[in-house]
């Protein structure tokens, strides 16, 4: 982490790569595995099945973390995502997004298979971590809400409220950043409430079958969790926001067999992902202009890429030779994303929050109820003392009605008070011994994750230093030996130079090919 010229601390986007196992379809098609993963070094090695020479044969990529087909959902979450969610619970913005070709396991990584087994993904595990933290934190009041949207055919849809009367549009201000107008916000009081919201949203999400994936996501989905927290009656509120993003997969028309609506969907998906790639490239190159406005997806991810957020990019790839081109494209984007610097700032002392409004309204209602109760008691006593036998029945009945109306009004105010209080969650519901054990376990998990990250960083630095120092350690017995060594070094450097040249050429060809495919898809979709 380093300090930027603006005075804020820079933090790089954390990039991890996950490779799924070979699918049955790929095994039946006699596909060859082209991926070698080295989790302890954070390295992915890709074998080019179409290599024309030595320079094209192997490509190496280094990342913050690498997970192969033997990795577990628990391991990936504990080592990479858990520390980020802890930061969100301390008032930071956080984002986790899965990127990659269709059928590489993005939705599996983000959501998993079931909600309550080892197969659960990032989203349900984040729910569990958030509510475990709330239940063991004493002295704080929490207001937790969720929003769930999809971007389908460049239109924003509210997955929690399908029948929207008002149009959902993107807006931007200095306080909130980029946000969606009229997006439904669901208050949650438990982990179960979050799961319910996710199930409703997933049911409403657009999916469809393609040649590459029987249940392909046809939209980009963003599940946002907003956690407001403050001490009781405090005017200082911290706000943490967590965006969990499942991107639709990049795909080629020739492989997906897309026609009709599927072709139109694929065109919009690829256009948005192309815009995302352009943003990543511009940020990595420190360009003066970042093309966030090229798509709704990139506008919504504006804070997550180069802004006020701690961000993890999970690049999902497959191991099969048939998808070599798509795998290389994903790894190139992921490698560039490592250079992106964000400026996360803790969101504390926030004045314009729903939690603060609730606290103030609750206090107002409590005082109002107290005043009205005192008034009812006082009125009753006075009327009892001054009442006389001369007072007719109609006057007595009128006074009784006033007292009853006052009681009804107090009852209505009490209902309003209860409704508002029910929206908030009071932390610290666990027994002290359980709290202590859970806190220790949480700290251990975070420490283990930090240790593993440091080990990978150290290993990468050692390999880099060993290569740099190799020449200095050489002792030559003769001039010829020195010449041979220099010749070998020159050969290696020439090989690297040729590899870089080939990489530039491949990238340009891929850009031209992708652009042509988008143009062809646009023409086909318009017909």
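Cβ atoms are placed via backbone N, Cα and C, with glycine included.
TrEMBL does not curate its annotations; it predicts them automatically.
These features come from TrEMBL:
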type     : residues                               : note
BINDING  : 100, 101, 102, 103, 104, 105, 106, 107 : ATP binding site
COILED   : 348-375                                : coiled coil
COILED   : 403-482                                : coiled coil
COMPBIAS : 508-519                                : compositional bias 'Basic and acidic residues'
DOMAIN   : 12-340                                 : domain 'Kinesin motor'
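Sparsest Cβ environment among the binding-site residues 100, 103, 105 (other Cβ atoms counted within 10 Å): 105.
DSSP classifies residue 100 (ATP binding site) as strand under the three-state reduction.
Taking all protein chains in view, 24 other C-beta atoms sit within 10 angstroms of the C-beta of residue 102 (ATP binding site).
When the neighbouring Cβ atoms lying within 10 Å are counted for each of the binding-site residues (101, 104, 107), the highest count belongs to 104. All protein chains considered, the CB of residue 106 (ATP binding site) has 26 other CB atoms within 10 Å.
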